[in-house]
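Quick look at what TrEMBL lists:
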COMPBIAS  1-10  compositional bias 'Basic and acidic residues'
COMPBIAS  415-431  compositional bias 'Acidic residues'
REGION    1-22  region 'Disordered'
REGION    415-444  region 'Disordered'
TRANSMEM  76-95  transmembrane segment
TRANSMEM  101-122  transmembrane segment
TRANSMEM  134-155  transmembrane segment
TRANSMEM  215-240  transmembrane segment
TRANSMEM  276-298  transmembrane segment
TRANSMEM  304-330  transmembrane segment
TRANSMEM  337-354  transmembrane segment
TRANSMEM  374-401  transmembrane segment
Amino acid sequence: MTNDEGRERAQPAGQGATHDSAGERLAERLTQQLAQQWAHLRAERRAERHAELAVPPVRPGVSNFSRAQVPWGLDLAAAWSWRFLVIVAAGYVILWTVNRFALVVFPLAIALLLAALVSPLVRAARNVGMPASLGSIFGVTLTFGVVGVLLTFAGQQVASGATELAGEVVKGLEEIRAWLRDGPLHASDSQINDYIGEAQVAITEWSKSDALGQAATLGSAIGNVTAGFFIVLFAMYFFLADGERIWTWIVRLSPRAAREHVDSSGRVAWVSLTQFVRATIIVAFVDSVGIMAVAWWLDVPLVLAIGVLVFLGAFVPMIGATVAGAVAVLVALVDQGPVAALLMLVGVIVVQQVEGNVLQPFLMGRFVSVHPLGVIIAIAMGLILAGIGGALVAVPLAAAINAVVLHLAGRSDPDEIATTDAEEELLEPDEPEHRPDDTSEATS
């Protein structure tokens, strides 16, 4: 076989191999494209399945509420109403707490009033070099000593004049009996005796049926008075001796942003309370002296006892001194007759008018002045909520709240207050390291 024949046979074999390689590459390319398309389809299916199973996110929609649907006045009234209800609820909780712990709250309030009264004397004692503790003991001793002496003298006079007054009462009852018999009623002696007997039987039965309850009430009252006395005693001492540190600790309980306002409001309230108590002392003294003078001029018995009663009653403005004056009128009626009682009533009215129209506006001034209607409302609320104790602290509390409200509203300036030594002690403390904005812990 020749070389040409070999080349002719080799060419078809090479061409077949080339065709085989091209077919394999085409098959591989098709396979890759199919695999890519399959993977793409699987990815799309997987995404669609995840989309079907996934929880769609919550997106805010268009509100169906429009402020135009609610009148502006109703919206404003609702806003004020719920805030008012919150304030009423908070006030109810406070009043319930005060009533629940009245045995502690009212002695503390009385101790605070007495401390406001005696604070100038304690300040003067400190200025002459007396230690704070000794000055406070001096103030407490002087206060309770004066009160004890007044009550002792009044009790002695009542005891000494009780027999004479009892005789006058019997005489007055006989005059009433004679008027019932000879007056327009023309009641017979048997009818009068029957009425008196029925009244005596009713009183006797009531006293027997409630004897155990009266004894328990009396024992409880004695215990409460004793506990209250010691609370007033010790609280007054600590208010005088360590009042600045106590107030600093109280201020630190408030948020830091509000401490300055709380501190200034408390000091303004203390100045108002101090001025109110001092003015009340002067007014009470003038009332008692005036009514005692009228009673002495009319020769009414128990003059000193009436004066002490008027002095103590004057701490409840507009009502206490009036009630005490009514007692003086009743004593004059029993002892001297209706003419003396009428003159006594005129004297009480004149003294009350001088007090209300001259003394109180002059002594208390605009900063602690409270409108007479506000005084009556405060006393009525105090009587309803807490009895005699509530009436005693209602007006000083109203005066302090009035001063704080004016201060926070910007209608009064603490620098305009006529400060005395006691106020300067509070507005400019002797111990600057105990300021309310200090971040250190309060000293117990």
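Yeah, the Cβs are placed from backbone N, Cα and C, and that goes for glycine too.
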CB contact flag for the transmembrane segment (134-155) and the transmembrane segment (276-298), at least three pairs under 8 A: no
Winner by Cβ pairs under 8 Å against the transmembrane segment (215-240), considering only 76-95, 101-122, 304-330: 101-122
Best-contacting stretch, by C-beta pairs under 8 Å, relative to the transmembrane segment (304-330) and drawn from 276-298, 337-354, 374-401: 276-298
Spatial neighbours of the transmembrane segment (101-122) far in sequence, C-beta under 8 Å, 6+ residues away: 132, 135-136, 138-140, 142-143, 224, 227-229, 231-233, 235-236, 239-240, 243, 270, 273-274, 277-278, 281, 386, 389, 392-393, 396, 420-422, 425
Chain residues outside the transmembrane segment (276-298) and at least six past its termini with a C-beta under 8 angstroms from it: 113, 116-117, 304, 306-308, 310-312, 314-315, 317, 321, 324-325, 328, 331-332, 336, 340, 343-344, 347-348, 350-352, 354-355, 359-360, 363-364, 368, 395-396, 399-400
